[in-house]
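My structure is below; once you've seen it, I'll send some questions.
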Amino acid sequence: MLRGPGRLLRVTAAPVAALAVALVSSLSRCSLLEPEDPVVSALSPYFGTKTRYEDANPGLLPNPEAPRRDPELLEETCTPVQLVALIRHGTRYPTAKQIRKLRQLHGLLQARRPGDDGTRAAGGRSLGAALANWPLWYADWMDGQLVEKGRQDMRQLALRLASLFPALFSRENYGRLQLVTSSKHRCVDSGAAFLQGLWQHYHPGVPPPDVADMECGPPRINDKLMRFFDYCEKFLTQVEKNATALYHVEAFKTGPEMQNILNKVAATLQVPVNNLSADLIQVAFFTCSFDLAIKGVKSPWCDVFDIDDAKVLEYLNDLKQYWKRGYGYTINSRSSCTLFQDIFQHLDKAIEQKKSSQPVSSPVILQFGHAETLLPLLSLMGYFKDKEPLTAYNYKEQMHRKFRSGHIVPYASNLIFVLYHCKNAKTPKEEFRVQMLLNEKVLPLAHSQQTVSLYEDLKNYYKDILQSCHTSEECDVPKVNTSDEL
């Protein structure tokens, strides 16, 4: 149980305290950068993995703390007994690499000749001049850290889930929550912000204590689970560090769709086209999304692009995700099987405890990771697979593709498994059922397209994955014997 204000708070180990200090430090640096009222851009649906959660889930805009109950959720005679959630971190700052590219582009704009004007922005100044004078407020220390909007994403998600599943998120169950996270600060801080949201649910108006002082404790770091891709040597060797692995991504960058955007942007900003690249164009596009998501500001960067440009740039982002994290090189999705196994182990344990009339030891399990955590797992499960692979040469044919990363894994995206106990079941097999939710909407099951499955049927459908998950076989790179034989 949480300790109320004014009571002695239990303090955990020193590393936990260090995490809490880091969180407070990060909060203090971000306090002046809170977003204003929500601003919408026509480009918002095309930001790929940089998409705001509310743009992928617009029903939340009127009241982001109120749950939106999917009518397909089970109720009446079936009671939820466990929830396992995989949650992507909330809105973050650009990475240091992205900030460096933005500085490079900003330098090109500031080097323009005084007489250059190009396309006019609102108010009569040239767009290039407006961007040259637009404050470049990103700093190196930000480097992918969670922003205040990202903490808000997590707090609001916690409030909605607690209201949607009150029995699981009951005050009595708080001390039995189990939190796991990637070691990246944006994930650790997302877990802490989620806990603060739950505190707000239980104690409205009372400031939350430090995460180290909460009864359930802070998230436990487990990179082998949440960053499995970093531990798959075959993926690192054959994809991550292989210059030719993303052939279709690089080919699309030099293809006609991207070249048209390069020429258009060069003319608009009055900079030499040879000084631009597809990478710089993409970082300019994402800067529109970062300004929108972090500060709630529609910056002049958004005026550089139209919807047709945005669709091309979204496809470029999706190509990268498809080949690295999705169906392109399946080694990454196959290596996510350890995470998939972990989910079913939790569900199995809950069923065993329920059958033996024991309380479920961990009614809520929350795992905080990345888009790179969720996309491979969803691909492993068979979701969002198009009939034809995404390539550098079929952009027009893929306009209506299923694999749109911004609709699948925006900031704060979540994949939730809910295990139910149905007391009026006719047979023991029908006693336990499962539903899955993606971004708080019931996800039809891959094997049946139904919204609910008997647990044994779901487990049987995925039995090949669950029983043949051997990451050493999948991920080990065969050693080459280079010694000379005598």
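Glycine is no exception: its Cβ is also placed from the backbone N, Cα and C atoms.
Unlike curated records, TrEMBL annotations are generated automatically.
Bear in mind that the values here come from a model prediction, so they are computed numbers and not experimental data.
Quick paste from TrEMBL:
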type     : residues      : note
DISULFID : Cys78-Cys422  : disulfide bond
DISULFID : Cys288-Cys302 : disulfide bond
SIGNAL   : 1-26          : signal peptide
How far is it from Cys78 (disulfide bond) to Cys288 (disulfide bond), counting Cα to Cα, in Å?
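On Cα coordinates alone, these residues lie 45 Å apart.
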Relative to the Cβ of Cys302 (disulfide bond), which residues of the same chain, six or more apart in sequence, are found under 8 Å away?
Ser41, Leu43, Cys288, Asp291, Leu292
Find, for the listed disulfide-bonded residues Cys78, Cys288, Cys422, the residue with the lowest Cβ contact count at a 10 Å cut-off, counting only other Cβ atoms.
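The disulfide-bonded residues Cys78, Cys288, Cys422 were compared, and Cys422 has the fewest Cβ atoms within 10 Å.
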